[in-house]
Amino acid sequence: MSAKEILFDVKAREKLARGVDKLADAVKVTLGPKGRNVAIEKSFGAPVITKDGVTVAKEIELSDKFENMGAQLVKEVASKTSDAAGDGTTTATILAQAIYHEGIKLVAAGRNPMAVKRGIDKGVEALIAELANLAKPTRDQKEIAQIGTISANSDATIGNIIAEAMAKVGKEGVITVEEAKGLETTMDVVEGMRFDRGYLSPYFVTNAEKMVCEMDNPYILCTEKKISSMKDMLPVLEQVAKVNRPLMIIAEDVEGEALATLVVNKLRGALQVVAVKAPGFGDRRKAMLQDIAILTGGEVASEETGSKLENMTLAQLGTAKRIVVDKENTTIVDGAGKSEDIKARVKQIRAQVEESTSDYDREKLQERLAKLVGGVAVVHVGAATEVEMKEKKDRVEDALNATRAAVEEGIVPGGGTALIRVGKVLGDIKPADDDELAGVNIVRRAIEEPLRQIAHNAGFEGSIVVEKVRQGKDGFGFNAATGEYEDLIKAGVIDPKKVTRTALQNAASVASLLLTTECAIAEKPEPKKDAPMPGGMGGMGGMDGMY
């Protein structure tokens, strides 16, 4: 085990503070409509240009072990805020830096760090309760577009596209972001359920020009097993052929003799059929097959439930108004499932989302939910160069997360104003002692910092702007894009309450932990050893006659 270096008290806090500053100073130049970009070198390919706080934070690693500790802890603030709310990472970083800086001054002056922490916690709790009173629900598509615009660095095109997507698929609908081939950023909506599996053979195509298989009013057969022999499927195929309707088979796989027979029947015109692999893997595949069965009003042929494939009847097959299958995706439009069955399934998945502890599982459950409830909207991001494409895609994803957060918990005035407005409740807190009061005052000073930074990045004096905003009421604040003082909600400068709340909670959590740190331990860098002399070529004497 390598030797450790240990720092105590003031020395430890100073080193940590230096790391916090290095990371926060790099991140905070991006805040606000007049915030600047940060260029990040990559070991391969072109540098990345971004205005996304968490992207900047994630790239920072410092050579000094103790400074790096401080930087990594604040990086955690940005990451956690991004995970929970999808935006507000720069605000969270600035708040953490401000709380820590004000705090170490007080601790150095002899205040008890634990009591100061209690004061910070009380202050933050009061602010969050007041934010809930200040927040208003989103009223219409225009407000959603405004939130998207602000979060996408004042790009109204992105804001409008995301608002349109939300209106089409609902707040639980899936909105995916993909790279477009051209320069335009566009959005299209896929109705019904879509999953990422295409046809198993191109011979199933019905529209050779578009290379897709389209069927109207088909039967849909779902099975968990792999189909390789024809005898299992024959009874179902005969029943479908009698009623002369198309058939879609969704199975773990269709191979060998079974696939060949289906292709031959399709080419001869005896049967209009398409075979598709089931989406997902393992237990998730079983659950998704069940979703498809419920959506289409059918059953899954499964050994576990006792419904064997060879015994399936037409009444057990699902149906839909239309299906479209291309090389990579399958879309089922307007499944014939009963609405009460679908509602019960949705309720069940929602309960699983609440119980899930894994982010990945939760995301997959949300996707399943969206496929049952709404459609799927795809935003195609267009740009002239790859560097611009990456930067724009980051902004679209930020805007998407911010609009979701706004629909969830409502909106507050933007531009750092909401924190100033709720700050008045800090005067009502009754601290137990002077040290706790000092903690409350730290929060009072720190919540001004985002607005100061927005003003500073726009070329204005922060303290003057803060004072003027504090004298106003409700949505009155500073619009950094125009340099005017106005009602920010009317001007469309709004933030999701969830973003502001999450930023404040995470910043206070990490900053107060840093503040109560009395000792820091890191690995001692090993001294570099001199490289050994290269060995001679022994045993080659007596060859001096060679030239």
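Even glycines carry a Cβ here, placed using N, Cα and C.
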Region 'Disordered' per TrEMBL - which of 318-340, 525-547: 525-547
Assigned element (helix, strand, coil) containing ALA480 (ATP binding site), judged by DSSP: coil
Neighbouring C-beta atoms (10 Å sphere around the C-beta of GLY88 (ATP binding site)): 32
Mapped DSSP class for GLY32 (ATP binding site), helix or strand or coil: coil
Residues near ALA480 (ATP binding site) in space but at least six apart in sequence (CB under 8 A): GLY32, PRO33, LYS34, GLY415, ILE454, ALA455, ASN457, ALA458, PHE460
Cβ atoms near THR30 (ATP binding site) (within 10 Å, other residues, all chains): 22
GLY32 (ATP binding site) CB neighbourhood, other CB atoms within 10 A: 28
Among LYS51, THR90, GLY415, ASP495 [binding-site residues], residue with fewest other Cβ within 10 Å: LYS51
